[in-house]
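Peer 1: Here's a structure for you.
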Amino acid sequence: MGTSGIEIFAALNDFTDAIVSVPESVCGKFTSLKEIDAQVRDIRQNVIQEIGVVLKNEKNDELSGEERCERLQKTLKEILPYSDSKICLATDAMNNIKSCIDRLDAGFEYVELEIPQQLRLGYPDDRALMNYHSTVTPQTSERRRETRRHQNNQHSQQYSSQERSSSYNNFEDASSPQSSYHTPTKRRKNAVPRKSSSPPLSSTKHAPQSTERRPVRRSESRLKQTNGEPLVKHDTLDSSDISREGEQLYCYCQQVSYGQMIGCDNENCKREWFHLPCVGLVEPPKGIWYCKECEELAKSSESRQ
């Protein structure tokens, strides 16, 4: 027998029932409040009439002024029970809404665990995200390309053949997290897989650690193996790629590093790192991966050739 939707999404159904129960729990209270208001309006009209008679103070009135005041006071006292009833009804309605909110808060975590992230967040609007490309000035792009070329030149001078051999041996033993970062030429030549469905914390470019605020770059990691100092300096980064807190911005969404991210294999990629939900991925793919901009650029270059 197949499993019904109620059994699959039990937490979601309970969450929906809590939302549906909000109008039912307060509708009766509000109806009673309207009925009390109607009764109070009738008494209010009687009070206004009594006040008018007292102010006129007619001599031929059947009741004296004191009797009229006592009668007015008695009428006013009739309103007090209605006021107490309205306070009780409003308090009950507030408590019912509060209990529904507490129920929603308690079940929200289970709903997130029950529904996959891809189904909850959906796929991003690629065209909307691509609008950022039009806001980047040619001068900014040229500065970034110049910075990348400078970094690659420094890296090629510092990374000797002996260090490449040592890094490759350490990568096979999986004993050192620093040995997992190689140049693209070295990785493809030795047929070392660049990505996997469940990569180690520091063994792949496509899975930076979620605890770090900024993904590790290839050139930066490799320089740490040689002299312990990062190659990329903060003063070489463009101001448009820095957040207000001074952190590097990545991806189409122009946010800081968080969660699981994937890196583009194009050395001249403008954004470098991308959040998996922003590119429509659930887990890092195997093999070489390019962002849509770099992929379209490569296709246009091939068509020209």
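For all residues, glycine too, the Cβ spot is worked out from N, Cα and C.
Keep in mind that what you see is a predicted model, and the values were worked out from it rather than measured.
I grabbed these lines from Swiss-Prot:
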COMPBIAS  168-183  compositional bias 'Polar residues'
MOD_RES   Y181  phosphotyrosine
COMPBIAS  195-210  compositional bias 'Polar residues'
COMPBIAS  211-223  compositional bias 'Basic and acidic residues'
SITE      Y250  site 'Histone H3K4me3 binding'
BINDING   C251, C253, H275, C278  Zn(2+) 1 binding site
SITE      M261  site 'Histone H3K4me3 binding'
SITE      D265  site 'Histone H3K4me3 binding'
SITE      W273  site 'Histone H3K4me3 binding'
Peer 1: So among C251, C253, H275, C278, all listed as binding-site residues, which is physically nearest to M261 (site 'Histone H3K4me3 binding')? Use the C-alpha atoms.
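Peer 2: Smallest Cα separation from M261 (site 'Histone H3K4me3 binding') among C251, C253, H275, C278: H275.
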Peer 1: Looking at the recorded positions C251, C253, M261, C278, which one has the fewest other Cβ atoms within 10 Å of its own Cβ?
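Peer 2: With the recorded positions C251, C253, M261, C278, fewest surrounding Cβ atoms within 10 Å: C253.
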Peer 1: Calculate the distance in Å between the alpha carbons (Cα) of W273 (site 'Histone H3K4me3 binding') and Y250 (site 'Histone H3K4me3 binding'), and round it to a whole number.
Peer 2: 6
Peer 1: What are the sequence-distant neighbours of H275 (Zn(2+) 1 binding site), meaning same chain, six or more residues apart, C-beta distance under 8 angstroms?
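Peer 2: Result: Y250, C251, C253, Q255, Y258, G259, Q260, M261.
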Peer 1: If you run the three-state DSSP split on C278 (Zn(2+) 1 binding site), which class comes out?
Peer 2: helix
Peer 1: Give the distance between the Cα atoms of D265 (site 'Histone H3K4me3 binding') and C278 (Zn(2+) 1 binding site), rounded to the nearest whole Å.
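Peer 2: Just about 17 Å between their Cα atoms.
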Peer 1: Within 10 Å of the Cβ of Y250 (site 'Histone H3K4me3 binding'), how many other Cβ atoms are there?
Peer 2: 23
